[in-house]
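J.: Have a look at this one.
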Amino acid sequence: MSHKLELTFSWQSPPYTMQSHIFRVRNKDPLLRVSNVDFIPSRNYRVRNRGSQQSDSFRVRNSGSLRSESFRVRNNGSLRSQSFTVISMGLLPYECFTVRNCQPLQSHNFRVRNRDTLQSETFSVGSRGLLKKQSFRVRNSSGDLQVPVQRLGWEAIGEALSTAFPLWVTLACVLALYKPPAFLWMHSNLKVFGISVTMLGMGMTLTIKDLHAALAMPKELLAGFVLQYTIMPLSGAFVSKLLRLPTHYAAGLILVACCPGGTASNIVTYLARANVALSVLMTAASTISAVVMTPFLTAKLAGQLVAVDAAGLFISTVQVVLAPVLVGALMNQYCHGVVKFVSPFMPLTSVLTVALLCGSAIAQNASAILMSGQQVVLAACALHGSGFFFGYALSRILGLDVSSSRTISIEVGMQNSVLGVVLAGQHFSNPLTAVPCAVSSVCHSIYGSILAGIWRYTTPPTKDNC
């Protein structure tokens, strides 16, 4: 005998809410009741119990500039409850779900299906009571085909162009190699401005609330951070010795290996349908810590090859990384109207900036690259190949789920090569030091695109098969 209880809130969404999503959340435990804590009309959700087939529907909306909504799911029989926090983290079209078990000795398995976008993601959520992980899968109940969220025409065009970033970077580097004058107009001040704009855009995707999302996955964040600053620096030093690179190329390869994760990794993670929330948080953590880690590791690993100005690297990293990221985060927190207006333009702006900066580094050393470019390309491919491989393999060895391991693999394998280009031009006397950094951007973009294409259509397994 099945019982059905349905509770509907029928607020009408205004015409501009074109990006609403419909989710179905299924819980194996009976007698769920859904109440909207904030009573803010927004997206459509359906919560259904697998056992008793009871369903509750409610509608909630992010009113203007608000970026998070809270929901409470209560069990009328046993007073066990779950709290849901839905966070929109900025430039990328995804949602981060943080689920906390408010009562001890209780855990749930959920399936979340996004009917609009057909995006599939897996979330690992910690239970405060049992200290267990919960597995979530976001999938469209109609099938596996990709259907984009409705957007304004120019937003859709901008997103399509930004997701093709490997193509633009490759074209810029090839054009710079054979037509150097097209990129020689970029002087050092413009390069610093360009990387600062890119970091500002990443900062606009962050808020203080992101730290709360990190609490649900401390193991993944710590593992990603450690692997980021061990696999790549050690691989850079090993590859440079193995291939017997000239000192200037070796220093450039080690420099880019010691740089933080690149913002392009967030786009690749989204395309691969991995854990985008974890990707953003890992990029933020490695970027902020790069103020110390990049100068320190570069001085230790490349200091024997060339003179490394660790203090200068530290100051430059603060100027072009930490300061723009903090400014962007503060703008997102206190000037959300401005951020909401400029955010649709930032991904494409960042992609074009990266392409110009990499093209400039290639153009300044085009003749030298044509003479010895094969060695540099081989070194960069080996460096990033090891990052992707060991990032995934070691994550799985550490017991992380497939989705998180894929995310860490992308984060470790994709570096902020543009930061390496800027730092090499400012703090190394030989201009050829920037060449491995520029070549690196092409290599990791191609690697990342291939992996995204494979993983996008390979749904990671879950423990519950939910």
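Each residue, glycine too, has its Cβ placed from N, Cα and C.
Remember, TrEMBL labels are computer predictions, not curated facts.
Features from TrEMBL:
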{"type": "TRANSMEM", "residues": "160-178", "note": "transmembrane segment"}
{"type": "TRANSMEM", "residues": "190-209", "note": "transmembrane segment"}
{"type": "TRANSMEM", "residues": "221-243", "note": "transmembrane segment"}
{"type": "TRANSMEM", "residues": "249-269", "note": "transmembrane segment"}
{"type": "TRANSMEM", "residues": "276-298", "note": "transmembrane segment"}
{"type": "TRANSMEM", "residues": "310-330", "note": "transmembrane segment"}
{"type": "TRANSMEM", "residues": "342-363", "note": "transmembrane segment"}
{"type": "TRANSMEM", "residues": "375-394", "note": "transmembrane segment"}
J.: Given the transmembrane segment (160-178), which of the listed stretches 190-209, 221-243, 249-269, 342-363 has the most Cβ pairs that are under 8 Å apart from it?
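T.: Looking only at 190-209, 221-243, 249-269, 342-363, the most contacts with the transmembrane segment (160-178) come from 342-363.
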J.: Between the transmembrane segment (221-243) and the transmembrane segment (276-298), are there at least three Cβ pairs closer than 8 Å, leaving out pairs fewer than 6 positions apart?
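T.: Stretch pair touches.
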J.: Which listed stretch (249-269, 276-298, 342-363, 375-394) has the most C-beta pairs under 8 A with the transmembrane segment (190-209)?
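T.: Selected stretch: 342-363, with the most Cβ pairs under 8 Å.
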J.: Please identify the stretch among 249-269, 310-330, 342-363 with the greatest number of Cβ pairs below 8 Å relative to the transmembrane segment (276-298).
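T.: Going through each listed stretch, the top one turns out to be 249-269.
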J.: Name the range, of those listed as 310-330, 342-363, 375-394, that has the largest tally of Cβ pairs under 8 Å with the transmembrane segment (249-269).
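T.: Of the candidates 310-330, 342-363, 375-394, 375-394 scores highest.
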J.: Near the transmembrane segment (310-330), which same-chain residues lie under 8 Å Cβ to Cβ, leaving out any that are not at least 6 residues past its ends?
T.: 192, 195-197, 199-208, 260, 284, 287-288, 290-292, 294-296, 298-299, 339, 419, 422-423, 426-427
